[in-house]
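Enquirer: The structure follows.
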Amino acid sequence: MASSLKKLISSFLLVLYSTTIIVASSESRCRRFKSIISFGDSIADTGNYLHLSDVNHLPQSAFLPYGESFFHPPSGRASNGRLIIDFIAEFLGLPYVPPYFGSQNVSFEQGINFAVYGATALDRAFLLGKGIESDFTNVSLSVQLDTFKQILPNLCASSTRDCKEMLGDSLILMGEIGGNDYNYPFFEGKSINEIKELVPLIVKAISSAIVDLIDLGGKTFLVPGGFPTGCSAAYLTLFQTVAEKDQDPLTGCYPLLNEFGEHHNEQLKTELKRLQKFYPHVNIIYADYHNSLYRFYQEPAKYGFKNKPLAACCGVGGKYNFTIGKECGYEGVNYCQNPSEYVNWDGYHLTEAAYQKMTEGILNGPYATPAFDWSCLGSGTVDT
């Protein structure tokens, strides 16, 4: 009898433990983040590419009208103002996350950013082996992560917390990253089937980086999916002949490219679910950049975008105010006087207004899975 009772209790405790694990892996736990650690590309770059560039060949983001709505002078952000990472920092009550590269006499205790304009998830040498040129930068995700690992002892030494505690108290933003791995071959004329072969490799690179950071002590990850590139002025211009024959009647976007993007996102979500089950003590939150943005193209007026949502605010020529080789920042290229009414900034990137509304949808739902729990902050809404 006693033996049977012990077995019954053991079985009950096992079920209870298993249930706890499932709940922990499917719900976001509230944390008071003390810093933001960021990796990625131009969607999160707060100045790294600017500082890495030759002073005689500065990027367009070094000049007006970039930053004209908020940062003076331009900070190297690929927008007219703030990015998603900036609005997240504001919400958390943290300073804007400084770029690591080129920064001098800057404290990284409350945040550090390794994201670089043009960066890829896969290494440059690997892409070159596939016949894909990536000329912007060689600071891929693995290079960013290696740099972080190299300086981590110094970061911890300047903090009152040890390394694992510092990472555990941080919101780790993993991108967006991977978009350029697709951008380069698309603009080089590779077929969609060729490019699709990269998807599992890119997802694996993102997953491996997350695992490395978990091993270092990371506990909360915000992992964005890709954008609906079939609504991008740059892509709509590149594929204009075929896109106009097969465009979505509601949005004017090119469905084939959006379906490709969703294929990447589904693969990424599947991998994140696998990681979450394997690391139940960690919060891995998927940020649905695709749908958070796509709603603006579906109902632009509802979100305050009065002008054509597909056209670039800063650009020149063509149906989408975009010409390859004569982009925003070049001489003779004008920009709109009301960027807050535009979704698209320069053909590739978004306006501050679009990024702000995307951030609201991610931090307050429904575009984060699992949803953030902000109950411990005493505020349940994004106030930016």
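Cβ from N, Cα, C; glycine included.
Marked as active site, nucleophile by Swiss-Prot: SER42. Taken from Swiss-Prot, the feature active site covers ASP346, HIS349, and the record attributes it to similarity to another entry. The N-linked glycosylation site feature in Swiss-Prot is assigned to ASN105, ASN138, ASN321. As annotated by Swiss-Prot, signal peptide applies to 1-24, with the evidence given as sequence analysis.
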Enquirer: Using Cα coordinates, what distance in whole Å links ASP346 (active site) and ASN138 (N-linked glycosylation site)?
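Expert: So the Cα of ASN138 (N-linked glycosylation site) lies 23 Å away from that of ASP346 (active site).
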Enquirer: Across all the protein chains here, work out how many other Cβ atoms are within 10 Å of the Cβ of ASN321 (N-linked glycosylation site).
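Expert: Result for ASN321 (N-linked glycosylation site): 26 other Cβ atoms within 10 Å.
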Enquirer: Please name which of the recorded positions listed here, SER42, ASN105, ASN138, HIS349, is nearest in space to ASN321 (N-linked glycosylation site), Cα against Cα.
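Expert: Out of the listed candidates, the nearest Cα belongs to HIS349.
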Enquirer: Just to be sure I understand the packing, how many Cβ atoms besides its own are within 10 Å of the Cβ of SER42 (active site, nucleophile)?
Expert: 26
Enquirer: Relative to the Cα of HIS349 (active site), which of the recorded positions SER42, ASN105, ASN138 has the closest Cα?
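Expert: For HIS349 (active site), the spatially nearest of the recorded positions is SER42.
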Enquirer: Rounded to the nearest Å, what's the C-alpha distance separating ASN138 (N-linked glycosylation site) and ASN105 (N-linked glycosylation site)? Just drop the number here, would you?
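Expert: That separation, Cα to Cα, works out to 25 Å.
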Enquirer: Determine, to the nearest whole angstrom, how far the Cα atom of ASN105 (N-linked glycosylation site) is from the Cα atom of the residue listed as 'active site, nucleophile'.
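Expert: Each residue's Cα considered, ASN105 (N-linked glycosylation site) and the residue listed as 'active site, nucleophile' end up 24 Å apart.
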Enquirer: Count the other Cβ atoms sitting within 10 Å of the Cβ of ASN105 (N-linked glycosylation site), across every protein chain shown.
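Expert: Summing over all protein chains shown, ASN105 (N-linked glycosylation site) has 4 other Cβ atoms within 10 Å.
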